[in-house]
Amino acid sequence: MSDHTPSTVPSQGDGHGAQVATMHEADPIADPGVHPHQWRPTDVDERAAKRAERQVASLFGLSAVFAILFCVAYFTLEIGDNHDTFLGMGASTVALGTSFGAALLLIGVGIIQWARKLMGDQEIVEMRHPAHSTDEDRDKVLADLKTGIEESGIVRRTLVRNSLLGAVGMLGLPAVVLLRDLGPTPGQVVGEYEGAGLEHTLWTEGMRVVRDVVGTPIKASDLEVGDLVNAEPAAIFETDEHGEHLIEGVELQIAKSKAALILLRMEPDDITPGRGRENWTVDGIVAYSKICTHVGCPISLNERTTHHLLCPCHQSTFDLADSGRVVFGPAARALPQLPLAVDEEGYLVAQSDFTEPVGPSYWERG
Amino acid sequence: MDTTKIASTNGTTAATTGRPSPLAGVGTWADERLGLATAMKKQIRKVFPDHWSFMLGEIALWSFVVLLLSGVFLTLWFTPSMAEIQYEGSYDQLRGIHMSEAYASTLNISFDVRGGLLMRQMHHWAAMLFIAAMLVHLMRVFLTGAFRKPRELNWVIGGVLILLGIVEGFAGYSLPDDLLSGTGLRIADGLVKATPVVGTYMSFFMFGGEFPGELIIPRLYIAHVLLIPGLILALIAAHMLLLVYHKHTQWPGPGRTEQNVVGYPLLPVYAAKAGGFFFIVFGVCATMGGLLAINPVWKYGPYDPSKVTAGSQPDWYMGIAEGLLRIMPGWETHIFGVTISWNVFLPGQIAPVALLMMVLAWPFLEAWVTGDKREHHLLQRPRNAPTRTAFLAAMITAYGLLWAAGGNDILALKFNLNLNYITYFMRVAIFVVPVLVFFLARRWCISLQRHDNEVLLHGYETGIIMRSPEGGYSERHLPISTERAYSLTARDRDVVVPDPQPTDGQGVRDKGYPVRKLRARLSQGMFANNVQKPTTSELEEAHHHAEHEHELEHASGMDRPADGHQFDGHADHTPDEAPLRGH
Ligand code: HEM
Ligand code: FES
């Protein structure tokens, strides 16, 4: 194979302009030229051509039939109530889709069949031209540019030029400043509503821990060992005298996105309390933020035997018996723990807000 | 056969008609105002070469048109608002539930607008097809070297289009404000917050305050229906204009050179095929939209930041970002009172862009190494650029691995594997397997090149086993047709840059030496092992040898192509005599 290895020539490629690659110098086999045209049956046999014509026309005709079927389906088939009558999607969708699809496909196949069988099929040759302009054109453009620039005096009159550049540059400021009101800064929202800001949630001292969805408060004795409860702060369910929710809409979504809580009851002996967290649990019940410290998915999957909690998004796994430590996955921080207590009626309450920001890490978090 | 009387529609003179045709009338009217004839004289019969792989870009183009059409239909009912309302539509299971207007209007499109669900599903399927077709089209362009001068700009435009397509898809996916899309946005929020220094500000500016706020859907909406489609449209227009200006590349073959383009004229054949193909892509999208459920948002429920579904997966084109996020170890640095989240920032923001940039930069690296300044209009077979082909094979492998990593929970469930072990395996595999694939693919290309040379020099294998008088067996080889032989040899010989001298003739140190040396080394690594086509004398020698053998075998009737009729007396035609093309 040695004589088939590449030739080594002094570094090539300082060439200018755009030559077109040619291979004639070294072509071991001469170009036999474009293959001569061959006639198709439909070119030489009028009967075959007529047959093809009828075939193509039938495809188009059939397409029209499907277009009408589409309209029939549109007006006769119900949607909405029986959305899963057929293939789990509703007869209307299936019928409309197949008839519309068939009408389109038949036109497409017909046209291509027409092109292949009946349209002239002689290959033709067109010459290429290099992408660049002719040298005269290039020279003329350069000369014109030079004249124009000289006549403007933009090179000579530096004062005019520089002050213009400065002024146009300054216009960048309004353009950027105008975007300032896209949103408040993280600092500005603090105190604007309950639990606002990156470092706060709705939880406050004495706030009851209530069940997700239904909003009922929880007694320690309600939970068996191994029970996992999705919980929220009671404030989310508070209503005014007319039964209207106090927190709703955006505020509700924001509140839920930070305050969501996981309660787990385990054998008190299984718990390895963190330093200073010895009294954060109630009868083996621990409370952790439900918001993953990776990029913020709500966590949901519990492994009963190990007290491990798995995030369904990227599988970070946290040990709820050990201060929410990360045992696996891309998350870098333990789940924030909520200090629990019981109020005088025996219901679970928070001792305070979370002692650190919940959710994903960010630059200023420290 | 008499073909003289057949009218060929490819004639060069226009048919003459008795009286002026209405077409000419309209044409004159338009030309007197627009001067169209000059602009169009070269275009109407413009030549396009034919090959199945040239269709991939067309699929992308037509699925974009389907997206425009179905998308406009959806805008007629979709309400891009996060205001909370109570649902009162047809879908029983959610009636009475509080949700955003965006979600309610998506349910409305699905259950109360006839054809609405079809259009939603068509739109989503067309989006899948659009991005998939762009990616496969990119691979085709890469593997055949179609990105070489003068087409580098179109290469870059294509890369930007893929990026925009993915962003557009993510924006669209987020619009219905269902549980899955809201979770996707939340992950996006986490990614943005991990940006050093300005992360939280970016997040607050995007969402108009704290996540999720009530502005993100209206903002994504205008990006999705106006801003990004506008950009995509403009870039597609530029892509097409450049395509027309450069003329399409073609495969080397008889009569096909660097100076010409051989194929069918735009009008009628190419226009008909492309137009027909539009209807086929449209029809496939419609059929899929009718038969294959996609993104059944009513099953997920409205977005609730405290809920999530297990096994939640983004659309497939987000798969590699998902995989990167999943296999990244949990590294985070706390220093000087600030936090740097490598575990999110690297895989979420840096790595996906870096991977795309590596592929996009390759043509420029290759052009620098070869120093080739010529225009190239003939395509290369992937085997004839082994290093390039192997690089893409490695990138595709990395893509596939990350994709699998993005579904590691599903893999674990389906194949009953341990999730942690899959993840540990992937952490190593992502660095090791692509490298292995690179070397394997390169070797494979080189053996294919050797095979080509075998066929050129000694002919193709006929499958006929011959026994010599001495009792030895050998396989009969027959020469390939001149046309095929020409196609196989119509390629450049690779040029390897030799090692430079550290000093010039006078012993003065060359300042550019390290760079030159790097270039020489890369060139040697990329091209030195390639197999070059045989020289004229090698071919002649081989043929001479073959002719000699041929004479010996002539008597036995073994010198015809093996069509199964050698021995039954029907061997009366050779392929060259075949009278008609069969299709
Ligand atoms: C590159 C182009 C595009 C891509 C990749 C794309 C992708 C998507 C995707 C994946 C969805 C989610 C669909 C679902 O509900 O399952 C969507 C929704 C939507 N798209 Fe597009 N789209 C594109 C262009 C357009 C255009 C041009 C328009 C309108 C002018 C449009 C209008 C809409 C609307 C109104 C929705 C929300 C409807 C709904 O969710 O029911 N899209 N898009
Ligand atoms: S968000 Fe929980 S692991 Fe990524």
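Any Cβ shown, glycine's included, is placed from N, Cα and C.
According to TrEMBL, the features are:
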- B:9-18: compositional bias 'Low complexity' (COMPBIAS)
- B:26-252: domain 'Cytochrome b/b6 N-terminal region profile' (DOMAIN)
- B:52-78: transmembrane segment (TRANSMEM)
- B:125-143: transmembrane segment (TRANSMEM)
- B:155-175: transmembrane segment (TRANSMEM)
- B:221-245: transmembrane segment (TRANSMEM)
- B:266-294: transmembrane segment (TRANSMEM)
- B:350-369: transmembrane segment (TRANSMEM)
- B:389-406: transmembrane segment (TRANSMEM)
- B:421-441: transmembrane segment (TRANSMEM)
- B:526-537: compositional bias 'Polar residues' (COMPBIAS)
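Within its own chain, the transmembrane segment (B:125-143) is flanked in space by residues 53, 56-57, 59-60, 63-64, 66-67, 70, 155, 158-159, 161-162, 165-166, 168-169, 172, 281, 284-285, 288-289, 292, 294, 315-317, 359, 362, 382, 385, 388-389, 392, 396, which lie at least six positions past its ends and keep a Cβ under 8 Å from the stretch.
Highest Cβ contact count with the transmembrane segment (B:221-245) among the listed stretches B:155-175, B:266-294, B:350-369, B:421-441 falls to B:155-175 (criterion: pairs under 8 Å).
Note: the compositional bias 'Polar residues' (B:526-537) comprises 4 helix, 0 strand, 8 coil (DSSP; helix = H, G, I, strand = E, B). The stretch from B:155-175, B:266-294, B:421-441 that makes the most Cβ contacts under 8 Å with the transmembrane segment (B:350-369) is B:155-175. Under 8 Å from some Cβ of the transmembrane segment (B:155-175) lie the Cβ atoms of residues 78, 80, 102, 106, 123-124, 127, 130-131, 134-135, 137-138, 141, 147, 181-182, 184-185, 188, 216-217, 220-221, 223-224, 228-229, 231-232, 235-236, 238-239, 242, 295, 314-315, 317-318, 356, 359-360, 363, all in the same chain and six or more residues away from its ends. Sequence-distant contacts of the transmembrane segment (B:421-441), counting only residues of its own chain at least 6 positions beyond either end whose CB sits under 8 Å from a CB of the stretch, comprise 323, 326-327, 329, 386, 389-391, 393-395, 397-398, 401-402, 404-405, 408, 411-412.
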